[in-house]
């Protein structure tokens, strides 16, 4: 029952051992290892294992740690692939992967830590505090600069591309042979996407997608390898430029958020693993807690740079990541956000020629909505709610389609070459579909007074342009702005309808490709298109009443669609308010987002009844499909019947206060143990005496620990009291959950009334319970 | 050493005992008390007291619970009053009062609770969740309506008053004898303030002031008696109307926040203590945790209604109150805020005649700032920072003056009659000073094109009005709007300078009076006045450059002054953005607020060196002067040297699992014990066996407990595991602090390695350590 699969690669553990030995040698060289041989004692570690007792829950019987291999009976029979697929790929959403380690957001209160903290007096604390602000300013500036770089490069390269294609189309429209233009366009796009996809697939796969799910996981306390590396940043930035220029239905906003986080992690740690450089600065901040705080600031700065929404950035960071709200931290996050927007606006104001003018309207992301000309009245509120319902339904459909697509990709398209080919295919198809739609469109609009960037005349009369081309023949971000602000009558309903339909499927197909790309802007674009269509219809119905402005409805549609897909409310409302520089629309936008969320959640539940409790949005779905042990905000509602004794894993490998280093190295290198925390206990003869157990972490990513145990073994015994809550065996799951969530724990030692260690609860033990159809259900744990 | 003063009133305890006995009788009637006599056993409670051991800290020796009477040597010799003052009034900021009880934001996980929770299935949970949303909607609607009521009544009654006085002045200007007008004005004002102050002083003293400090305390977990009662709401609302109409230098915003909180507490609990009515609804929400959540929603709805700033409201609530950030809770808070603004705007749009138009500019609190006409450039940023510095300094001066004034009031003006007389005096002086200034002002402005509401011609030429009167002869809120938006040249620099000076002292004198009134608007008004003056000077210096718009600088000055006084940044930035409907000014406003905060904090520290670590703002100062055991965001930085063993209080009164009811009643009614939590332990003979101790709360405000122990004594032993962290005696103060802050604990049982209870940590034990001049300092505890 408690067997564990030892198929896990020894790679990371091997690395650790090398590191530890190196550290040990270095310590010895520096003369700090003097206490080390004296304190070793002779008892083997096997004796230290506490005898575990059979545990029976009073209400609910759940076995111990059910580690399962990927057996065939777990697979959906219809979806069973004809050939065996590699075991490292998760394929079932009822699995929880054991490969992810947790971050420890609770400072381990061992003696070293306490001594260091006690050395800090008031003045030193000020210096530390000052450094925090300086780091936040640097995060803001760098994130702003990266955003500028992406913006400017995309604008120029995409401009060049559209110019070349436009000239070509103009040439061939006259003399026939537009298929050459199509070929040129599709080839150009595919070439950009080929490069963009190849660097992601072959160099750094974690740079794929928007990066928001990964950052959510990081802030939640799950360590995703390489997610905040410099290499990832470089690939992410190049990748997103190539994807957008390659004409895919993607946005550059998600990647900016990821970029901000990488920058934050890099600066705050004062070193780079990718460059193998340690700058020996900010060493105080080299702990999970501090790193997380800076990464939240980086994510906020990213949002702030992406949408020009500093407050939205702070709220995004808090809504998606933080659990313990601290005023000082929030102020720093806000500062980083503001600096980031400021840097971006400053550079762009120079670039756009409105030098120095930071309030220029060109800096508003989605264009300024002017309330004087676009009022809304109370009568429109039911209409907005109806739009929210539509957005919720469309969002749920989008997510469901993307779910099937992702499952397909996980099973069949897992080789890098295939992934690159798929991305190229999507790029080519996107260009082709767009071309065909433009070609067959008969929606001609007068050129005069229009703001379209690359007007394609095609078969329109002189002085007119093809309106379908205005939507397709542009970067998605600019298309959103046109849909929001172009005067009524710029688009035919037919054009908008076709565009919505096609773009919906294209965006859905694109999200999840092995390219660096976000889903915000495509969602907004789909929503803006059908929202505008909605507005035009209303305008017909009401006889072109003054209030039925298509731009306003495009905005509401965009909010509804995005809300239906990602299911965020507070931060999204504020982001939309800031990106349109309009406070008055806050209330309708909130209504729309709230409705979209509620409807989307209901829809999923109805549609997938018996399958799943449902993900809350596209990001959560992808987190779940990766089998990440993600802790949500609250424990499942019906989990009060479970106690810690029932969820914990046993047996626990324990260490004694004094232990041979060889034994420790053995234990640490034995990957068959299910957890990375080893309670430290005291023994009187063979029985464990009722003493306070501390816990030792397997030092997966911090360097503090090996240093500690080489100096003095006693120092390794963290007196982490709250990790050993004695009567916790009777505590209910929600209570344990709250402890983990509020304190950011990594593991919790469970002891009985006599203070004997009986088990260990980790994040995975908590994340595996969720609400299913028939009440609480358990996920399987697997070494995938 | 551990003697306690038993001077505490038996009132609340007496009430409890009555309640308990009633409950017991009721239970017996209903046949639920059957287990009760069987389980009583004969051991007296004295035997249950654990023997406490002498405790010596390794680094830092601090005695046990140093309860001191208000000895004379604690007093500042200069401030020593000539006559003895009543003991119930705190007078020294180095004291911490023992009279405040804590709220328990951690659900006591006793068997009753667990059984109830386990009964809840998924459907029932949905109903509960739905009820939460309904309650939030009701909170929003009612708060909005109360805000409307205040707005409309103030507008009409103040309008009437100003009309009467204006007619009188106009009459007497011609034929001389303006002293009659002054008399009329002063008498009218004093009369309004007399009533407003009398109801506060005699009926409900807790309704005095802005209410924000009280709500901060409530959200922090300190129970301030009567603070969320219906009676308080009624007094607060009437009081604020009378204060504002009475012409005091006050605003109605703080009281609106308090009103929102009272409404939230009332609705969510489904009963009213003031009305002695129990509506038997929402009984599930009758716990501290749920109540706190709703009160934060109420506070947010209050801000939202006061400033038309729903997002600012959410941030205010989180910045001031919340510690554990939960996404669902935040959404509900946001929903309540939005509904509140919506209700307010809806009613006001009808009232103002722009029926149905929710985006009408008249609904923007401080008038819309239009970015097209008022740009800002990067050159102005140093100017804004300089204004922040000025705001910080002025704010610190304001707080320091108010500190001396408050100390004076605490010592000499504690009788209700005196308080009412002081309030009347302030009202009369305010009217007189304003009149003299208006009378002696020679600042005449053309009436044409001006928006002034009650133009006083006085000695100006026909078609002109007195500009000083425009600032004084209006409600403060309207004066702010004029200073923000009146065209350049509407005010002479002389007028603004005099106004700033006088209003600064008036506002400082007014805050802390026994009237219901806020400090937001007066602060903004002072800042707007000197900001506008600043802008005019700049305009002179630069030769009336186009960018030197006085209105813009009035806005920045207002932000700087308010930031210097209350020291908030994030929520204030957003509130200002929303109240002016301008997103672009977010960055400069943040800069100004941040600078004001930093400068203000430095200033305090320099000025009061050797006295105090310094309060963070006016509200924190008043909280500290009330000796409230308030937990800040983090433990003092140098407190790592303290362990739980050193901060805990001993001896602890323990209960056994089975105990005679008489013994329990004795213990509960004995107010000499320093705490309200009684660990439950098991005994083998005379020695405590190493078993999991739970804890029993003195049921100060919940009804769950007496019900529990009458049914079955066993049910009283909460198995509150995290309240008994055994090795916590070695945990450092910051760690214990974090546990309290993150989990919202009320008390924590400290046990030794053998699981024997050695002490108890309460909020007071943590709140008494703070950073002083020479490092960590301890506050004294007193039964004040």
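Placed from the backbone N, Cα and C atoms, the Cβ positions cover glycine too.
Quick look at what TrEMBL annotates:
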TRANSMEM  A:133-154  transmembrane segment
TRANSMEM  A:182-203  transmembrane segment
TRANSMEM  A:233-251  transmembrane segment
TRANSMEM  A:294-317  transmembrane segment
TRANSMEM  A:329-351  transmembrane segment
TRANSMEM  A:381-405  transmembrane segment
TRANSMEM  A:417-440  transmembrane segment
TRANSMEM  A:494-513  transmembrane segment
TRANSMEM  A:519-541  transmembrane segment
TRANSMEM  A:553-577  transmembrane segment
TRANSMEM  A:583-604  transmembrane segment
DOMAIN    A:716-778  domain 'CBS'
Do the transmembrane segment (A:182-203) and the transmembrane segment (A:553-577) share at least 3 Cβ pairs under 8 Å, sequence separation 6 or more?
no
For the transmembrane segment (A:494-513), find every same-chain residue at least 6 residues outside the stretch whose CB is under 8 Å from a CB in it, and list them.
197, 208-209, 248-250, 394, 398, 401-402, 405-406, 409, 419, 422-423, 426, 429-430, 433-434, 437, 441, 443, 467-468, 471-472, 519, 522-523, 525-526, 529-530, 532-533, 536, 618, 622
Counting only pairs at least 6 apart in sequence, do the transmembrane segment (A:329-351) and the transmembrane segment (A:133-154) share 3+ Cβ pairs under 8 Å?
yes
Proximity verdict for the transmembrane segment (A:294-317) and the transmembrane segment (A:133-154), three or more C-beta pairs under 8 Å
yes
Would you report the average pLDDT that the model assigns to the domain 'CBS' (A:716-778)?
65
